[in-house]
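Here is the structure we will look at.
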Amino acid sequence: MWGLTVLLLPVVSFALYPEEILDTQWELWKKTYRKQYNSKGDEISRRLIWEKNLKHISIHNLEASLGVHTYELAMNHLGDMTSEEVVQKMTGLKVPASRSRSNDTLYIPDWEGRAPDSVDYRKKGYVTPVKNQGQCGSCWAFSSVGALEGQLKKKTGKLLNLSPQNLVDCVSENDGCGGGYMTNAFQYVQKNRGIDSEDAYPYVGQDENCMYNPTGKAAKCRGYREIPEGNEKALKRAVARVGPISVAIDASLTSFQFYRKGVYYDENCNSDNLNHAVLAVGYGIQKGNKHWIIKNSWGENWGNKGYILMARNKNNACGIANLASFPKM
């Protein structure tokens, strides 16, 4: 019976959306997200992608209602994009080919005492509102800024929006909207003796000339530390003891693109294919499923108001503990 039910899911899903309902939903979706297309042909091709994504979402959620998945999906502003396009235009992690970890930057966890069962830095006032990087490969800048903001709050008691555009334009070791790496950003802030606030250096979502101005400086750092590679226990300790941590993940799957709620775990997520930088702002457990609380930079229309709960202690799912780091202040 179970096998028959699963086989019937695509048929049931397709039957849920006759053509006239699809037409209505398409028009509503375009209006909701203010979508306009250059030509009729462009709109037709985008609608086909949207319909394919809608079908994927419907089938997944039917399976979730049967207990197959621990999370649900929903249509969002990325509905007319393929997962390949999302990775190309809206991620941006670029790991240096010559990257090497040294004892000078390695974070050695303090294992004394027990780490809290759950931590949420949003409730402690360490986390600024969710941002939207747009179609610029600047995830690394938003991840870095988020970690810096958390440490600034911890050290000074003040929560300020720092400038990802400052990093996009000025970190010469990275490639701006073409991609970058978080520790390069921390090194820049250290050598530059500061990073501007968002108010002083607003985000524009494209590469510009470096316009850093010391009068707008809002934070600085003394270097960075890296979590032992692939060690989720060390990452948990770092989150609990340090604050929000910059992490890298595989965000290439359609399931990630349309995540809505629940604890995200997709066995197809590749821990060796790290393409997106995000911010770990806590951890916990939901309905028996351990998770990380992750802040993304795709706006509040994505996920659960811009956040996703990602599986914790499930063989380093999506590679979340492979390239974790934080700044020292």
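Backbone N, Cα and C define each Cβ position, glycine as well.
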Checklist entry - Which of C170, C177, C210 is the other half of the disulfide bond that Swiss-Prot records for C136? => result C177
Checklist entry - Which residue, chosen from N103, N161, is annotated N-linked glycosylation site in Swiss-Prot? => result N103
Checklist entry - Per Swiss-Prot, which of C221, C269 is disulfide-bonded to C318? => result C269
Item to check | Disulfide-bonded cysteine for C210 as listed in Swiss-Prot, from C139, C170 | outcome: C170
Checklist entry - If you measure from the C-alpha of N296 (active site), which of the recorded positions C136, C139, C177, C269, C318 fall inside 10 Å? => result C139
Next on the checklist: Give me the long-range Cβ neighbours of C210 (disulfide bond): same chain, 6+ apart, Cβ under 8 Å, in sequence order.
Outcome noted: D169, C170
Next on the checklist: Around the C-beta of C139 (active site), how many further C-beta atoms are within 10 angstroms, looking at every protein chain?
Outcome noted: 29
Next on the checklist: Considering Cα atoms only, can you say which of C269, H276, C318 is the nearest neighbour of C177 (disulfide bond) among these recorded positions?
Outcome noted: H276
Checklist entry - To which of the disulfide-bonded residues C136, C170, C318 does the lowest count of other Cβ atoms within 10 Å belong? => result C170
Checklist entry - Taking Cα atoms as reference points, which of the recorded positions C139, C269, C318 is nearest to H276 (active site)? => result C139
